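Per TrEMBL, the features are as follows:
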{"type": "DOMAIN", "residues": "1-168", "note": "domain 'GAIN-B'"}
{"type": "DOMAIN", "residues": "178-433", "note": "domain 'G-protein coupled receptors family 2 profile 2'"}
{"type": "TRANSMEM", "residues": "173-199", "note": "transmembrane segment"}
{"type": "TRANSMEM", "residues": "211-231", "note": "transmembrane segment"}
{"type": "TRANSMEM", "residues": "251-274", "note": "transmembrane segment"}
{"type": "TRANSMEM", "residues": "286-307", "note": "transmembrane segment"}
{"type": "TRANSMEM", "residues": "338-360", "note": "transmembrane segment"}
{"type": "TRANSMEM", "residues": "381-405", "note": "transmembrane segment"}
{"type": "TRANSMEM", "residues": "411-434", "note": "transmembrane segment"}
Amino acid sequence: QGPRRLNTTEKGKAGKIRLPREIFQSLSSQPVSVVVTVLNIQKLGMFKEVNQRAQVLDNTVVGITVGESGISGLQDPVQLTFAHRQLPPGITPQCVFWDPSKGTPFSGVGLGTGAVPGTHSHPPVPVAGQAGGWRSSGCVTQPGDKGTVCSCDHLTFFTLLLNPALDGSTAKALISVATAGCGVAMVFSIFTIAFCIFIRCRFRFEETVRINLGLHVNLVGSLFLLNLAFLLNSGLSGRTHPRTCRVLGGLTHYCLLCCFTWTALEGCQLYLLFVKVLGIYIHHYLAKLCLIGWGFPILVVGVAGVIGSYGEYSIQNTDHQVIAHLCWITSKHLLVHYITNCGYFGLIFLFNTAVFGVVTQKSCSLQGTGAVQGHRKPWKVALVAAGLFCLLGATWALAFLTYGISSAPVLYLSTILNSLQGIFIFLWLVILYYPKTKETTGSLSYIIRHDKTTTASQD
């Protein structure tokens, strides 16, 4: 539509503009025109940034001019309220303005310098010479429930960019990093299992440490299966039969739940050792733990499979373009994901964090008394603590920080740490348990035995 004068203001979804008094105080006493230009860039074909990944809210750009002079460097900023519904998860709003000087020159049609702060702020005039692009300097973004407020220190053409948490190129790069990390982690998982079996058979450890090694073997085994399931998933999804995809989605979910369950069992074992230090004996203890660690996820996956939770899951960007396929829990059954994955792990992580706090407190108290100074150096004690934190699921907790965040470094960090968790556990176990031919069985074992002795003497 052409320019027209609005006599009424639409209520509800209408945006708002607040101009500070500072603008008019700097002008002369003569009347000046205040012009607000609302442009639909989809119809006009303007304001097209090269390689733009973010989406412009409602394809709308708002231009503000006061008089004939450019206005910039305002102490009291201009406030524009962009009204919109609640944004979907993973979308971050960003207030920006159009800068024709951004980018490289090209032989085509662009915007004249009338949109640049500090010069004349007229509506855009097609000229040749500059590509242009969006900038955010001088603008502050304040998201809200009913809209986003943009506070800027100048007058020009503004809009609200919706930045997706994941675009196509980032998704492909993350999948490549995760695939390489999972391949390396599988190799180290095999090394870890072989190492635990070797030292368990080679050296004569006490029963407590033998159980700990058995727990570590099962946890690393579940990580190996999860990495294998992910590699199969990323390689076969999108090209498999729907029934095969359902099976692969259920297998991936089962392996993930096994990792979570064995992480919880590691925390339970530490709780029994450090809190219930006396009178603990359970017949066929490790076999019963295996029944829980490998059996409980079967029940959960079985129920989820009966209600048809598994199938092809598509990851989309803000333009509803599919950027990745996975055989996983379908979009119609996301409640299953929130309960069985997010909720289940959340409870496990809270429990394991409390256990880690108890273990750290007891270790520090024993170090303070000088009980373990002759057996463990401070750096090894710190290594034990770091290994425990990883063993109890700290790297998985980082994945929750990626929810709704568009920062690529956080996504890469979460992907790398989770895919390389098997390497961390391998290095931790090697330093902790080997060689032990003449020593006692590690820092944790010594602390446990000393704690039992202390408790018995107090009783």
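Just so you know, the numbers here start at 1 and follow the chain as drawn.
Cβ coordinates come from backbone N, Cα and C, glycine included.
At the 8 Å Cβ cutoff, the transmembrane segment (173-199) and the transmembrane segment (411-434) share at least 3 close pairs (sequence separation 6 or more) and count as touching. Counted over residue pairs separated by six or more positions, the transmembrane segment (411-434) shares fewer than 3 Cβ pairs under 8 angstroms with the transmembrane segment (286-307), which leaves the two as not touching.
Looking only at the domain 'GAIN-B' (1-168), the predicted model's pLDDT averages out at 74.
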